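Chemist: I am attaching a structure below and will ask some questions about it afterwards.
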Amino acid sequence: MTEYWVSQGNKWCDFCKIYIANNPLSIRTHEIGKRHKDNVTKRLANMQKEGAAKDKEQQQAARALQQIEAKAKKSYQKDLENSQRNVDGDTSAAPGDGWDFDSTSGYYYDKSTRLYYDSNSGFYYSDALGKWVTQEEAYEWAKTSQTAAGQSSTSQTKPAPAVATAPTIEGGKAPGVVITKPLNPMRTVKGAPSAIAVNKRKREDSKPKVISKEEEAALKAREAARKRMEDREKPLMGLYRSY
């Protein structure tokens with residue numbers, strides 16, 4: 001029977017990063033060599049370092065998680081205490097007098113300054129500011145806004161109208177025409193014509209107006225009606241007089 005030669009190929013050493021002949025003698029010779037042993041030692045040392053670093057990171061993560069849980073639990077207990085004080089009407093957490101607890105927002109509110117106060121953080125908030133600020137900044141803003149509001153209300157107040165006084169004349173006659181007779185519309189006689197009245201000149205060339213018979217009859221009827229009206233009103237008023 002005929003035998004065929006078969007190539008044995010090469011073997012890859014992962015520690016040394018090289019190829020070696022794939023036979024027992026070559027593999028044994030390479031493994032007992034100094035280079036291979038040093039590479040194996042380095043690999044094991046690196047693995048130990050990586051494992052230690054990983055363990056350290058896990059420990060740090062667990063410690064940080066414990067701290068976070070402890071802080072959250074402490075904050076939760078503090079919130080429960082504050083809520084219980086607010087329910088009981090305790091205002092010891094308020095920054096001063098005039099602060100009322102607003103159950104809707106969960107903060108203390110001052111109507112005079114329009115500020116909100118958070119007893120947990122110690123910060124102040126206002127709708128006009130739009131952010132949480134420290135006590136100094138909050139009270140400085142409240143003082144400035146109150147001063148501006150006072151100046152605005154003062155500027156909008158209208159001054160009282162000035163009372164006009166009639167001018168007085170010391171010694172001498174008053175200027176203008178002086179009327180000595182009372183202006184009584186119910187006087188029984190005609191007053192004298194005014195001295196300052198303007199005399200109207202009549203036109204000499206005016207012609208008499210021609211009145212028709214119908215107009216003359218209407219005028220007579222109107223005059224008769226006027227006389228009847230006067231006769232009927234005389235006994236009632238007593239002061240009626242035609243001019």
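Including glycine, each Cβ sits where the backbone N, Cα and C put it.
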Chemist: Of the ranges 136-162, 190-216, which one does TrEMBL list as region 'Disordered'?
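Modeler: My reading of TrEMBL: the region 'Disordered' range is 190-216.
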Chemist: Counting each residue once, how many in the compositional bias 'Basic and acidic residues' (73-82) are helix, strand and coil under DSSP?
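Modeler: Once the DSSP states are binned, the compositional bias 'Basic and acidic residues' (73-82) shows 10 helix, 0 strand, 0 coil.
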